[in-house]
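Trainee: Below is the structure I would like to discuss, written out as C-alpha coordinates.
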Amino acid sequence: MYGRDPWGGPLEINAADSATDDDRSRNLQDVDRAALSRPLDETQQSWLLGPGEQKKKKYVDLGCIIVSRKIFVWTVGTLLVSAFLAGFITLIVKTVPRHRHSHPPPDNYTLALHKALMFFNVQRSGKLPKHNNVSWRGSSCLDDGKSDTATFYKDLVGGYYDAGDAIKFNFPASFAMTMLSWSVIEYSAKYEAAGELNHVKEIIKWGTDYLLKTFNHSADTIDSMVAQVGVGDTSGGSTTPNDHYCWMRPEDIDYKRPVSPCSTCSDLAAEMAAALAAASIVFKDNKAYSQKLVHGARTLFKFSRDRRGRYSASGSEAAMFYNSTSYWDEFVWGGAWLYYATGNSSYLQLATSPGLAKHAGAFWGGPDYGVLSWDNKLAGAQVLLSRLRLFLSPGYPYEEILRTFHNQTSIIMCSYLPIFTSFNRTKGGLIQLNHGRPQPLQYVVNAAFLATLYSDYLEAADTPGWYCGPNFYSTKVLREFAKTQIDYILGRNPRKMSYVVGFGSHYPRHAHHRGASIPKNKVKYNCKGGWKWRDSTKPNPNTLVGAMVAGPDKHDGFHDVRTNYNYTEPTLAGNAGLVAALVALSGDGTTGIDKNTIFSAVPPMFPTPPPPPAPWKP
(Lines of atoms letter the chains of each structure in order from A and count residues from 1; the text may use other names and numbers.)
(Lines give C-alpha, C1' and ligand atoms only; values in the text may rest on other atoms or scores of the structure.)
Protein backbone atom coordinates (compact mmCIF):
# COMPACT_ATOMS: atom_id res chain seq x y z
CA MET A 1 0.00 0.00 0.00
CA TYR A 2 1.24 3.39 -0.93
CA GLY A 3 0.28 6.62 0.74
CA ARG A 4 1.23 10.20 0.41
CA ASP A 5 3.78 11.51 2.84
CA PRO A 6 2.43 14.91 4.02
CA TRP A 7 6.01 16.19 4.35
CA GLY A 8 6.70 15.66 0.66
CA GLY A 9 8.25 12.12 0.48
CA PRO A 10 6.66 8.86 -0.64
CA LEU A 11 5.42 6.60 2.10
CA GLU A 12 5.38 2.83 1.52
CA ILE A 13 3.39 0.71 3.88
CA ASN A 14 4.23 -2.98 3.73
CA ALA A 15 2.73 -5.15 6.32
CA ALA A 16 5.06 -8.07 5.58
CA ASP A 17 8.29 -6.50 6.44
CA SER A 18 7.18 -3.54 8.39
CA ALA A 19 9.59 -2.45 11.06
CA THR A 20 9.00 -3.02 14.64
CA ASP A 21 8.27 -0.15 17.01
CA ASP A 22 11.86 -0.18 18.21
CA ASP A 23 13.16 0.04 14.65
CA ARG A 24 10.88 2.93 13.89
CA SER A 25 12.03 4.71 16.96
CA ARG A 26 15.64 4.26 15.84
CA ASN A 27 14.85 5.42 12.32
CA LEU A 28 13.54 8.76 13.64
CA GLN A 29 17.16 9.73 14.04
CA ASP A 30 17.54 9.70 10.25
CA VAL A 31 16.79 12.96 8.51
CA ASP A 32 14.06 12.86 5.93
CA ARG A 33 15.76 14.88 3.26
CA ALA A 34 12.71 14.95 1.06
CA ALA A 35 10.77 16.65 3.87
CA LEU A 36 13.43 19.33 4.10
CA SER A 37 13.60 19.93 0.38
CA ARG A 38 11.22 22.94 0.70
CA PRO A 39 10.91 25.67 3.41
CA LEU A 40 8.37 25.31 6.16
CA ASP A 41 5.87 27.94 7.00
CA GLU A 42 5.33 29.13 10.55
CA THR A 43 2.43 26.81 11.23
CA GLN A 44 4.37 23.82 10.08
CA GLN A 45 7.37 24.83 12.15
CA SER A 46 5.16 25.13 15.23
CA TRP A 47 3.92 21.57 14.62
CA LEU A 48 7.46 20.35 14.56
CA LEU A 49 9.02 22.45 17.31
CA GLY A 50 6.09 22.99 19.64
CA PRO A 51 5.60 26.32 21.59
CA GLY A 52 8.69 28.51 21.70
CA GLU A 53 10.30 29.81 24.84
CA GLN A 54 8.79 33.30 25.71
CA LYS A 55 11.03 36.18 26.83
CA LYS A 56 10.64 36.90 30.53
CA LYS A 57 9.32 40.40 31.37
CA LYS A 58 11.15 42.55 33.90
CA TYR A 59 9.36 44.50 36.65
CA VAL A 60 10.21 47.27 39.11
CA ASP A 61 8.96 47.09 42.69
CA LEU A 62 8.08 50.60 43.91
CA GLY A 63 6.92 49.41 47.28
CA CYS A 64 3.27 50.31 46.92
CA ILE A 65 2.97 49.12 43.33
CA ILE A 66 4.82 46.90 40.87
CA VAL A 67 5.14 48.29 37.35
CA SER A 68 6.77 47.22 34.18
CA ARG A 69 10.36 48.33 33.99
CA LYS A 70 9.81 49.58 30.46
CA ILE A 71 6.84 51.74 31.52
CA PHE A 72 8.80 52.96 34.54
CA VAL A 73 11.76 54.05 32.40
CA TRP A 74 9.52 55.85 29.91
CA THR A 75 7.59 57.68 32.67
CA VAL A 76 10.70 58.84 34.51
CA GLY A 77 12.33 59.90 31.27
CA THR A 78 9.30 61.89 30.20
CA LEU A 79 9.18 63.69 33.54
CA LEU A 80 12.87 64.56 33.40
CA VAL A 81 12.62 65.89 29.85
CA SER A 82 9.51 67.96 30.75
CA ALA A 83 11.25 69.43 33.81
CA PHE A 84 14.27 70.31 31.70
CA LEU A 85 12.16 72.04 29.06
CA ALA A 86 10.15 73.94 31.69
CA GLY A 87 13.33 75.15 33.37
CA PHE A 88 14.84 76.14 30.04
CA ILE A 89 11.75 78.12 29.03
CA THR A 90 11.64 79.83 32.46
CA LEU A 91 15.30 80.77 32.12
CA ILE A 92 14.63 82.34 28.72
CA VAL A 93 11.62 84.31 30.04
CA LYS A 94 13.65 85.59 33.00
CA THR A 95 16.66 86.67 30.99
CA VAL A 96 15.03 88.17 27.90
CA PRO A 97 14.29 91.94 28.37
CA ARG A 98 10.60 92.55 29.07
CA HIS A 99 8.63 95.15 27.15
CA ARG A 100 6.13 96.63 29.61
CA HIS A 101 2.85 97.94 28.19
CA SER A 102 2.59 101.34 29.84
CA HIS A 103 -0.71 103.13 30.31
CA PRO A 104 -1.49 105.72 27.64
CA PRO A 105 -0.52 109.26 28.63
CA PRO A 106 -3.28 111.37 30.20
CA ASP A 107 -5.37 113.40 27.79
CA ASN A 108 -5.30 117.21 27.83
CA TYR A 109 -8.56 117.40 29.78
CA THR A 110 -7.16 115.26 32.59
CA LEU A 111 -3.93 117.26 32.67
CA ALA A 112 -5.88 120.51 32.84
CA LEU A 113 -8.17 119.03 35.53
CA HIS A 114 -5.22 118.51 37.87
CA LYS A 115 -4.29 122.16 37.52
CA ALA A 116 -7.83 123.58 37.67
CA LEU A 117 -8.42 121.93 41.04
CA MET A 118 -5.26 123.54 42.43
CA PHE A 119 -6.89 126.98 42.06
CA PHE A 120 -9.22 126.11 44.93
CA ASN A 121 -6.20 125.40 47.13
CA VAL A 122 -4.96 128.90 46.27
CA GLN A 123 -8.29 130.49 47.22
CA ARG A 124 -8.60 128.93 50.67
CA SER A 125 -9.17 131.22 53.61
CA GLY A 126 -8.55 130.38 57.25
CA LYS A 127 -6.12 127.93 58.82
CA LEU A 128 -4.58 126.02 55.92
CA PRO A 129 -3.79 122.30 56.12
CA LYS A 130 -0.17 121.23 55.78
CA HIS A 131 -0.88 119.45 52.51
CA ASN A 132 -2.34 122.51 50.76
CA ASN A 133 0.56 122.35 48.26
CA VAL A 134 0.72 126.08 47.45
CA SER A 135 4.08 127.26 48.75
CA TRP A 136 3.30 130.97 48.57
CA ARG A 137 0.01 130.77 50.48
CA GLY A 138 -0.42 130.69 54.26
CA SER A 139 -3.17 130.90 56.85
CA SER A 140 -5.14 134.14 56.68
CA CYS A 141 -8.10 136.09 58.08
CA LEU A 142 -8.26 134.00 61.24
CA ASP A 143 -10.45 136.58 63.02
CA ASP A 144 -13.33 136.64 60.53
CA GLY A 145 -16.61 137.02 62.43
CA LYS A 146 -15.08 136.55 65.87
CA SER A 147 -15.39 140.13 67.11
CA ASP A 148 -19.09 140.44 66.27
CA THR A 149 -21.88 140.08 68.80
CA ALA A 150 -24.19 138.15 66.48
CA THR A 151 -26.10 135.32 68.08
CA PHE A 152 -26.38 132.94 65.13
CA TYR A 153 -22.68 132.53 64.32
CA LYS A 154 -19.57 132.21 66.44
CA ASP A 155 -16.86 132.61 63.84
CA LEU A 156 -16.64 132.79 60.07
CA VAL A 157 -13.10 131.53 59.59
CA GLY A 158 -12.56 129.41 56.49
CA GLY A 159 -14.25 129.23 53.13
CA TYR A 160 -12.92 130.63 49.88
CA TYR A 161 -11.92 134.02 48.56
CA ASP A 162 -14.01 134.82 45.53
CA ALA A 163 -11.49 136.00 42.97
CA GLY A 164 -8.38 138.17 42.95
CA ASP A 165 -9.58 139.93 46.10
CA ALA A 166 -10.20 138.61 49.61
CA ILE A 167 -14.01 138.91 49.83
CA LYS A 168 -16.05 135.83 50.64
CA PHE A 169 -19.22 136.15 48.54
CA ASN A 170 -21.50 133.31 49.68
CA PHE A 171 -23.80 133.46 46.65
CA PRO A 172 -21.29 132.53 43.89
CA ALA A 173 -19.31 130.35 46.31
CA SER A 174 -22.40 128.23 47.01
CA PHE A 175 -23.01 127.84 43.29
CA ALA A 176 -19.39 126.72 42.88
CA MET A 177 -19.83 124.03 45.53
CA THR A 178 -23.08 122.85 43.92
CA MET A 179 -21.39 122.50 40.53
CA LEU A 180 -18.42 120.60 41.98
CA SER A 181 -20.74 118.26 43.88
CA TRP A 182 -22.84 117.65 40.76
CA SER A 183 -19.72 116.72 38.80
CA VAL A 184 -18.59 114.30 41.52
CA ILE A 185 -22.02 112.62 41.71
CA GLU A 186 -22.08 112.06 37.94
CA TYR A 187 -18.39 111.34 37.28
CA SER A 188 -16.88 109.91 40.47
CA ALA A 189 -15.28 107.09 38.45
CA LYS A 190 -13.49 109.63 36.25
CA TYR A 191 -12.23 111.55 39.28
CA GLU A 192 -11.03 108.23 40.69
CA ALA A 193 -9.24 107.36 37.46
CA ALA A 194 -7.52 110.75 37.48
CA GLY A 195 -6.50 110.32 41.12
CA GLU A 196 -8.45 113.41 42.16
CA LEU A 197 -11.55 112.06 43.92
CA ASN A 198 -10.28 112.61 47.46
CA HIS A 199 -8.93 116.03 46.50
CA VAL A 200 -12.18 117.32 45.03
CA LYS A 201 -14.16 115.96 47.99
CA GLU A 202 -11.81 117.78 50.33
CA ILE A 203 -12.35 120.97 48.31
CA ILE A 204 -16.13 120.61 48.61
CA LYS A 205 -15.96 119.91 52.35
CA TRP A 206 -13.81 123.00 52.90
CA GLY A 207 -16.63 125.01 51.35
CA THR A 208 -19.56 123.30 53.05
CA ASP A 209 -17.90 123.42 56.47
CA TYR A 210 -17.75 127.19 56.08
CA LEU A 211 -21.32 127.50 54.77
CA LEU A 212 -22.59 125.68 57.86
CA LYS A 213 -21.02 128.44 59.95
CA THR A 214 -23.01 131.19 58.22
CA PHE A 215 -26.36 130.29 59.84
CA ASN A 216 -27.67 128.26 62.76
CA HIS A 217 -27.50 124.87 61.06
CA SER A 218 -28.75 122.98 64.11
CA ALA A 219 -32.07 124.87 64.19
CA ASP A 220 -35.18 123.93 62.25
CA THR A 221 -36.15 127.57 61.64
CA ILE A 222 -33.93 130.63 61.20
CA ASP A 223 -34.58 134.30 60.53
CA SER A 224 -31.15 135.48 59.29
CA MET A 225 -27.92 134.32 57.72
CA VAL A 226 -24.59 135.70 56.48
CA ALA A 227 -24.36 136.94 52.89
CA GLN A 228 -20.66 137.81 52.72
CA VAL A 229 -17.51 138.60 54.68
CA GLY A 230 -15.45 141.63 53.65
CA VAL A 231 -16.43 144.59 51.48
CA GLY A 232 -15.13 146.11 48.26
CA ASP A 233 -17.07 149.34 47.69
CA THR A 234 -14.71 152.05 46.46
CA SER A 235 -17.37 154.26 44.85
CA GLY A 236 -17.30 158.00 45.49
CA GLY A 237 -13.54 157.98 45.91
CA SER A 238 -13.65 156.17 49.25
CA THR A 239 -10.21 155.52 50.71
CA THR A 240 -11.38 153.34 53.58
CA PRO A 241 -9.19 150.22 53.63
CA ASN A 242 -11.11 147.26 52.31
CA ASP A 243 -10.66 144.21 50.09
CA HIS A 244 -10.76 146.19 46.84
CA TYR A 245 -9.04 149.41 47.79
CA CYS A 246 -6.07 147.63 49.33
CA TRP A 247 -3.67 145.48 47.34
CA MET A 248 -2.07 143.10 49.80
CA ARG A 249 -1.60 139.43 50.44
CA PRO A 250 -4.46 137.83 52.42
CA GLU A 251 -1.90 136.76 55.02
CA ASP A 252 -1.09 140.43 55.70
CA ILE A 253 -4.64 141.82 56.01
CA ASP A 254 -4.97 143.88 59.19
CA TYR A 255 -8.03 146.01 58.46
CA LYS A 256 -11.56 145.30 59.63
CA ARG A 257 -13.58 142.86 57.55
CA PRO A 258 -17.29 143.57 58.06
CA VAL A 259 -19.88 140.77 58.00
CA SER A 260 -23.04 141.34 55.93
CA PRO A 261 -26.09 139.59 57.43
CA CYS A 262 -29.31 139.05 55.52
CA SER A 263 -32.88 138.45 56.71
CA THR A 264 -34.72 138.36 53.34
CA CYS A 265 -32.52 136.44 50.93
CA SER A 266 -34.48 133.72 49.15
CA ASP A 267 -32.02 133.34 46.28
CA LEU A 268 -28.95 133.03 48.51
CA ALA A 269 -30.62 130.66 50.98
CA ALA A 270 -32.02 128.42 48.23
CA GLU A 271 -28.64 128.29 46.48
CA MET A 272 -26.90 127.40 49.73
CA ALA A 273 -29.57 124.73 50.31
CA ALA A 274 -28.77 123.30 46.87
CA ALA A 275 -25.04 123.26 47.70
CA LEU A 276 -25.53 121.44 51.01
CA ALA A 277 -28.07 119.00 49.54
CA ALA A 278 -25.80 118.10 46.61
CA ALA A 279 -22.82 117.71 48.95
CA SER A 280 -24.85 115.40 51.20
CA ILE A 281 -25.03 112.95 48.28
CA VAL A 282 -21.27 113.24 47.72
CA PHE A 283 -20.67 112.40 51.40
CA LYS A 284 -23.43 109.79 51.77
CA ASP A 285 -20.81 107.29 53.04
CA ASN A 286 -20.19 109.63 55.99
CA LYS A 287 -23.66 109.29 57.47
CA ALA A 288 -23.31 111.81 60.31
CA TYR A 289 -21.90 114.56 58.09
CA SER A 290 -24.37 113.84 55.29
CA GLN A 291 -27.29 114.14 57.71
CA LYS A 292 -25.90 117.41 59.05
CA LEU A 293 -25.77 118.78 55.51
CA VAL A 294 -29.32 117.60 54.76
CA HIS A 295 -30.67 119.20 57.92
CA GLY A 296 -28.94 122.48 57.09
CA ALA A 297 -30.31 122.37 53.55
CA ARG A 298 -33.87 121.84 54.81
CA THR A 299 -33.55 124.75 57.24
CA LEU A 300 -32.19 127.09 54.58
CA PHE A 301 -34.80 126.15 52.01
CA LYS A 302 -37.62 126.72 54.50
CA PHE A 303 -36.11 130.12 55.30
CA SER A 304 -35.89 130.95 51.60
CA ARG A 305 -39.57 130.13 51.10
CA ASP A 306 -40.83 131.84 54.26
CA ARG A 307 -38.98 135.16 53.95
CA ARG A 308 -39.18 136.22 50.31
CA GLY A 309 -36.75 138.71 48.86
CA ARG A 310 -33.57 139.05 46.81
CA TYR A 311 -30.38 138.99 48.82
CA SER A 312 -28.91 141.73 46.64
CA ALA A 313 -31.64 144.27 47.19
CA SER A 314 -30.99 147.81 46.02
CA GLY A 315 -28.23 149.51 47.96
CA SER A 316 -26.62 146.35 49.31
CA GLU A 317 -22.93 145.61 48.90
CA ALA A 318 -23.72 142.45 46.91
CA ALA A 319 -25.74 144.39 44.33
CA MET A 320 -22.51 145.96 43.05
CA PHE A 321 -20.72 142.69 42.38
CA TYR A 322 -23.08 139.71 42.32
CA ASN A 323 -26.54 141.07 41.76
CA SER A 324 -29.23 138.39 41.64
CA THR A 325 -32.04 139.05 39.16
CA SER A 326 -34.55 136.57 40.62
CA TYR A 327 -35.01 133.84 43.20
CA TRP A 328 -37.53 131.69 41.28
CA ASP A 329 -34.81 129.74 39.47
CA GLU A 330 -33.15 128.97 42.82
CA PHE A 331 -36.48 127.61 44.08
CA VAL A 332 -36.61 125.09 41.21
CA TRP A 333 -32.89 124.33 41.52
CA GLY A 334 -32.89 123.98 45.31
CA GLY A 335 -36.12 121.96 45.31
CA ALA A 336 -34.69 119.48 42.80
CA TRP A 337 -31.51 118.97 44.80
CA LEU A 338 -33.40 118.56 48.06
CA TYR A 339 -35.62 115.92 46.45
CA TYR A 340 -32.57 113.94 45.34
CA ALA A 341 -30.98 114.33 48.78
CA THR A 342 -34.04 113.39 50.84
CA GLY A 343 -36.48 111.52 48.61
CA ASN A 344 -39.26 113.72 50.04
CA SER A 345 -41.83 114.14 47.26
CA SER A 346 -42.93 117.56 48.57
CA TYR A 347 -39.69 119.00 47.17
CA LEU A 348 -40.37 117.39 43.79
CA GLN A 349 -43.92 118.76 43.81
CA LEU A 350 -42.50 122.23 44.41
CA ALA A 351 -39.74 121.94 41.80
CA THR A 352 -42.27 120.78 39.19
CA SER A 353 -44.92 123.36 40.03
CA PRO A 354 -46.03 125.03 36.77
CA GLY A 355 -46.45 128.36 38.58
CA LEU A 356 -42.87 128.24 39.87
CA ALA A 357 -41.56 127.26 36.45
CA LYS A 358 -43.48 130.15 34.86
CA HIS A 359 -41.98 132.71 37.26
CA ALA A 360 -38.52 131.23 36.63
CA GLY A 361 -38.96 131.82 32.88
CA ALA A 362 -39.15 128.20 31.78
CA PHE A 363 -41.84 128.84 29.15
CA TRP A 364 -40.30 131.64 27.15
CA GLY A 365 -36.95 132.53 25.68
CA GLY A 366 -35.06 135.77 25.80
CA PRO A 367 -31.48 136.64 24.95
CA ASP A 368 -30.01 134.80 27.95
CA TYR A 369 -32.29 131.76 27.87
CA GLY A 370 -30.33 128.56 28.37
CA VAL A 371 -27.28 130.25 29.90
CA LEU A 372 -26.28 128.64 33.19
CA SER A 373 -24.48 130.96 35.58
CA TRP A 374 -24.10 131.91 39.23
CA ASP A 375 -27.17 134.14 38.73
CA ASN A 376 -29.51 131.91 36.70
CA LYS A 377 -29.76 128.18 37.42
CA LEU A 378 -32.84 127.45 35.30
CA ALA A 379 -30.92 125.64 32.53
CA GLY A 380 -29.15 123.49 35.11
CA ALA A 381 -32.41 122.70 36.90
CA GLN A 382 -34.08 121.65 33.64
CA VAL A 383 -31.22 119.26 32.82
CA LEU A 384 -31.27 117.94 36.38
CA LEU A 385 -35.01 117.22 36.23
CA SER A 386 -34.79 115.79 32.70
CA ARG A 387 -32.53 113.19 34.28
CA LEU A 388 -35.44 112.11 36.48
CA ARG A 389 -37.70 111.64 33.46
CA LEU A 390 -35.08 109.75 31.47
CA PHE A 391 -34.21 107.19 34.13
CA LEU A 392 -37.14 106.93 36.55
CA SER A 393 -40.12 108.25 34.55
CA PRO A 394 -42.31 109.09 37.57
CA GLY A 395 -45.46 109.64 35.50
CA TYR A 396 -48.51 111.42 36.87
CA PRO A 397 -48.68 114.10 38.25
CA TYR A 398 -45.11 115.09 37.27
CA GLU A 399 -44.96 113.91 33.67
CA GLU A 400 -46.37 117.01 31.98
CA ILE A 401 -43.96 119.53 33.51
CA LEU A 402 -41.03 117.11 33.29
CA ARG A 403 -41.77 116.64 29.59
CA THR A 404 -41.74 120.43 29.24
CA PHE A 405 -38.37 120.66 31.01
CA HIS A 406 -37.07 117.86 28.79
CA ASN A 407 -38.23 119.64 25.63
CA GLN A 408 -36.73 122.92 26.82
CA THR A 409 -33.47 121.15 27.51
CA SER A 410 -33.47 119.88 23.92
CA ILE A 411 -34.03 123.44 22.69
CA ILE A 412 -31.13 124.70 24.83
CA MET A 413 -28.86 122.04 23.36
CA CYS A 414 -29.95 123.06 19.86
CA SER A 415 -29.05 126.69 20.65
CA TYR A 416 -25.44 125.63 21.31
CA LEU A 417 -24.98 124.29 17.77
CA PRO A 418 -23.35 126.50 15.10
CA ILE A 419 -26.23 125.92 12.66
CA PHE A 420 -28.53 127.92 14.94
CA THR A 421 -28.15 131.65 15.45
CA SER A 422 -29.19 132.03 19.09
CA PHE A 423 -25.62 132.98 19.98
CA ASN A 424 -22.84 134.49 17.90
CA ARG A 425 -19.34 133.07 17.72
CA THR A 426 -16.00 134.75 17.46
CA LYS A 427 -13.92 134.11 14.34
CA GLY A 428 -11.90 131.70 16.44
CA GLY A 429 -15.06 129.73 17.33
CA LEU A 430 -15.82 130.81 20.91
CA ILE A 431 -19.58 130.92 21.54
CA GLN A 432 -20.77 134.28 22.87
CA LEU A 433 -23.26 133.22 25.53
CA ASN A 434 -23.06 136.66 27.14
CA HIS A 435 -23.46 138.41 23.78
CA GLY A 436 -20.02 140.01 23.63
CA ARG A 437 -19.98 141.34 27.17
CA PRO A 438 -16.78 140.91 29.21
CA GLN A 439 -15.71 137.79 31.10
CA PRO A 440 -17.23 135.21 28.70
CA LEU A 441 -15.44 132.01 29.72
CA GLN A 442 -17.40 131.33 32.92
CA TYR A 443 -20.57 130.90 30.82
CA VAL A 444 -18.84 128.81 28.15
CA VAL A 445 -17.52 126.19 30.58
CA ASN A 446 -20.98 125.76 32.16
CA ALA A 447 -22.50 125.17 28.71
CA ALA A 448 -19.76 122.67 27.84
CA PHE A 449 -20.53 120.77 31.04
CA LEU A 450 -24.29 120.69 30.39
CA ALA A 451 -23.80 119.58 26.78
CA THR A 452 -21.45 116.73 27.71
CA LEU A 453 -23.62 115.68 30.63
CA TYR A 454 -26.81 115.65 28.58
CA SER A 455 -25.02 113.66 25.88
CA ASP A 456 -24.04 111.10 28.52
CA TYR A 457 -27.62 111.04 29.83
CA LEU A 458 -28.95 110.18 26.38
CA GLU A 459 -26.34 107.48 25.82
CA ALA A 460 -27.06 105.94 29.23
CA ALA A 461 -30.75 105.89 28.29
CA ASP A 462 -29.90 104.13 24.97
CA THR A 463 -30.98 107.17 22.99
CA PRO A 464 -28.68 108.00 20.05
CA GLY A 465 -29.53 111.71 19.86
CA TRP A 466 -32.25 114.33 19.94
CA TYR A 467 -34.36 116.43 17.58
CA CYS A 468 -33.95 120.08 16.72
CA GLY A 469 -37.15 120.69 14.81
CA PRO A 470 -37.34 118.06 12.06
CA ASN A 471 -33.60 117.37 12.17
CA PHE A 472 -32.06 114.60 14.27
CA TYR A 473 -28.61 115.14 15.82
CA SER A 474 -26.30 112.53 17.30
CA THR A 475 -25.03 112.80 20.87
CA LYS A 476 -21.55 113.08 19.33
CA VAL A 477 -22.51 116.56 18.08
CA LEU A 478 -22.99 117.76 21.67
CA ARG A 479 -19.67 116.32 22.77
CA GLU A 480 -17.93 117.92 19.79
CA PHE A 481 -19.41 121.29 20.73
CA ALA A 482 -18.08 120.93 24.27
CA LYS A 483 -14.65 119.84 23.01
CA THR A 484 -14.27 122.76 20.61
CA GLN A 485 -15.09 125.24 23.38
CA ILE A 486 -12.80 123.71 25.99
CA ASP A 487 -10.05 123.26 23.39
CA TYR A 488 -10.35 126.97 22.62
CA ILE A 489 -9.83 127.76 26.30
CA LEU A 490 -6.84 125.40 26.51
CA GLY A 491 -5.04 127.02 23.58
CA ARG A 492 -6.66 126.17 20.25
CA ASN A 493 -7.52 129.77 19.43
CA PRO A 494 -6.19 132.54 17.16
CA ARG A 495 -3.75 133.72 19.85
CA LYS A 496 -2.53 130.16 20.56
CA MET A 497 -2.91 131.07 24.23
CA SER A 498 -4.16 128.91 27.05
CA TYR A 499 -6.54 130.84 29.30
CA VAL A 500 -5.78 128.44 32.18
CA VAL A 501 -2.69 129.65 34.03
CA GLY A 502 0.05 127.04 34.11
CA PHE A 503 -1.39 124.91 31.32
CA GLY A 504 0.83 124.79 28.24
CA SER A 505 3.68 127.19 27.69
CA HIS A 506 1.75 130.29 26.59
CA TYR A 507 -0.71 131.53 29.21
CA PRO A 508 -1.50 134.81 31.06
CA ARG A 509 1.39 135.97 33.24
CA HIS A 510 -0.35 138.96 34.84
CA ALA A 511 -3.48 137.48 36.40
CA HIS A 512 -5.49 139.98 38.46
CA HIS A 513 -4.75 138.38 41.84
CA ARG A 514 -3.26 139.91 44.95
CA GLY A 515 -1.57 136.83 46.36
CA ALA A 516 0.00 135.81 43.07
CA SER A 517 1.30 139.32 42.25
CA ILE A 518 3.15 140.00 45.53
CA PRO A 519 6.31 138.02 46.28
CA LYS A 520 6.59 136.00 49.46
CA ASN A 521 9.68 137.79 50.68
CA LYS A 522 8.92 138.26 54.40
CA VAL A 523 8.04 141.89 53.71
CA LYS A 524 4.57 143.00 54.81
CA TYR A 525 3.24 145.55 52.36
CA ASN A 526 0.47 147.76 53.74
CA CYS A 527 -2.78 148.70 52.03
CA LYS A 528 -1.27 151.12 49.49
CA GLY A 529 2.21 149.67 49.61
CA GLY A 530 1.11 146.80 47.44
CA TRP A 531 -0.02 149.10 44.66
CA LYS A 532 3.45 148.94 43.12
CA TRP A 533 2.90 145.25 42.55
CA ARG A 534 -0.59 145.84 41.19
CA ASP A 535 0.70 148.37 38.65
CA SER A 536 3.90 146.53 37.76
CA THR A 537 4.34 145.29 34.19
CA LYS A 538 6.42 142.36 35.39
CA PRO A 539 4.88 138.87 35.42
CA ASN A 540 3.42 137.61 38.67
CA PRO A 541 6.18 136.22 40.90
CA ASN A 542 3.85 133.39 41.96
CA THR A 543 2.21 131.15 39.35
CA LEU A 544 -1.56 131.02 39.88
CA VAL A 545 -1.77 127.37 38.80
CA GLY A 546 -5.13 126.32 37.39
CA ALA A 547 -6.82 129.72 37.35
CA MET A 548 -9.07 130.26 34.34
CA VAL A 549 -9.00 134.00 33.66
CA ALA A 550 -12.02 136.03 32.54
CA GLY A 551 -11.17 135.48 28.89
CA PRO A 552 -10.91 137.23 25.51
CA ASP A 553 -13.23 139.79 23.98
CA LYS A 554 -15.68 139.18 21.12
CA HIS A 555 -12.88 139.65 18.58
CA ASP A 556 -10.65 136.97 20.16
CA GLY A 557 -8.49 139.76 21.57
CA PHE A 558 -6.84 139.53 24.97
CA HIS A 559 -4.83 142.01 27.02
CA ASP A 560 -2.58 140.38 29.59
CA VAL A 561 -2.71 143.35 31.95
CA ARG A 562 -3.07 142.90 35.70
CA THR A 563 -5.27 145.95 36.27
CA ASN A 564 -7.77 144.95 33.57
CA TYR A 565 -9.86 142.44 35.51
CA ASN A 566 -12.29 141.98 32.59
CA TYR A 567 -9.53 140.00 30.89
CA THR A 568 -7.30 138.62 33.62
CA GLU A 569 -9.32 137.98 36.80
CA PRO A 570 -10.27 134.40 37.69
CA THR A 571 -13.32 133.54 39.82
CA LEU A 572 -14.40 130.68 42.04
CA ALA A 573 -17.64 130.05 40.11
CA GLY A 574 -15.84 130.12 36.76
CA ASN A 575 -13.28 127.56 37.85
CA ALA A 576 -15.99 125.26 39.24
CA GLY A 577 -17.60 125.15 35.80
CA LEU A 578 -14.21 124.50 34.21
CA VAL A 579 -13.53 121.57 36.56
CA ALA A 580 -16.97 120.10 35.83
CA ALA A 581 -16.49 120.37 32.06
CA LEU A 582 -12.96 118.94 32.16
CA VAL A 583 -13.88 115.87 34.18
CA ALA A 584 -16.91 115.25 31.95
CA LEU A 585 -14.69 115.24 28.84
CA SER A 586 -11.73 113.41 30.40
CA GLY A 587 -10.84 109.78 29.88
CA ASP A 588 -11.07 107.46 26.90
CA GLY A 589 -14.82 107.81 26.39
CA THR A 590 -15.70 104.38 27.79
CA THR A 591 -16.77 105.67 31.22
CA GLY A 592 -20.12 107.42 31.33
CA ILE A 593 -22.22 108.81 34.13
CA ASP A 594 -23.11 107.15 37.41
CA LYS A 595 -26.81 106.47 36.85
CA ASN A 596 -27.80 105.47 40.37
CA THR A 597 -25.95 107.39 43.10
CA ILE A 598 -28.04 110.54 42.73
CA PHE A 599 -31.18 108.43 43.31
CA SER A 600 -29.84 106.70 46.44
CA ALA A 601 -32.33 108.51 48.72
CA VAL A 602 -35.26 108.42 46.27
CA PRO A 603 -37.88 105.79 47.18
CA PRO A 604 -39.47 103.58 44.52
CA MET A 605 -41.77 105.63 42.30
CA PHE A 606 -44.52 103.03 42.37
CA PRO A 607 -45.71 100.95 45.35
CA THR A 608 -44.70 97.31 45.46
CA PRO A 609 -47.61 95.19 44.18
CA PRO A 610 -49.28 92.97 46.81
CA PRO A 611 -48.39 89.28 46.82
CA PRO A 612 -50.74 86.93 44.95
CA PRO A 613 -53.49 85.29 47.01
CA ALA A 614 -52.93 81.84 48.44
CA PRO A 615 -54.10 78.92 46.27
CA TRP A 616 -57.78 78.13 46.73
CA LYS A 617 -58.51 75.02 48.70
CA PRO A 618 -61.96 73.38 48.77
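Indices start at 1 and increase along the chain as displayed.
Even glycines carry a Cβ here, placed using N, Cα and C.
From TrEMBL, here are the annotated features:
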type: ACT_SITE; residues: HIS512; note: active site
type: ACT_SITE; residues: ASP560; note: active site
type: ACT_SITE; residues: GLU569; note: active site
type: DOMAIN; residues: 109-582; note: domain 'Glycoside hydrolase family 9'
type: REGION; residues: 1-25; note: region 'Disordered'
type: TRANSMEM; residues: 71-93; note: transmembrane segment
Trainee: Taking the domain 'Glycoside hydrolase family 9' (109-582) alone, what is its mean pLDDT?
Mentor: 96
Trainee: Could you give the Cα-Cα distance between HIS512 (active site) and ASP560 (active site), in whole Å?
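Mentor: Just about 9 Å between their Cα atoms.
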Trainee: These are the active-site residues: ASP560, GLU569. Which one scores highest on other Cβ atoms within 10 Å?
Mentor: GLU569
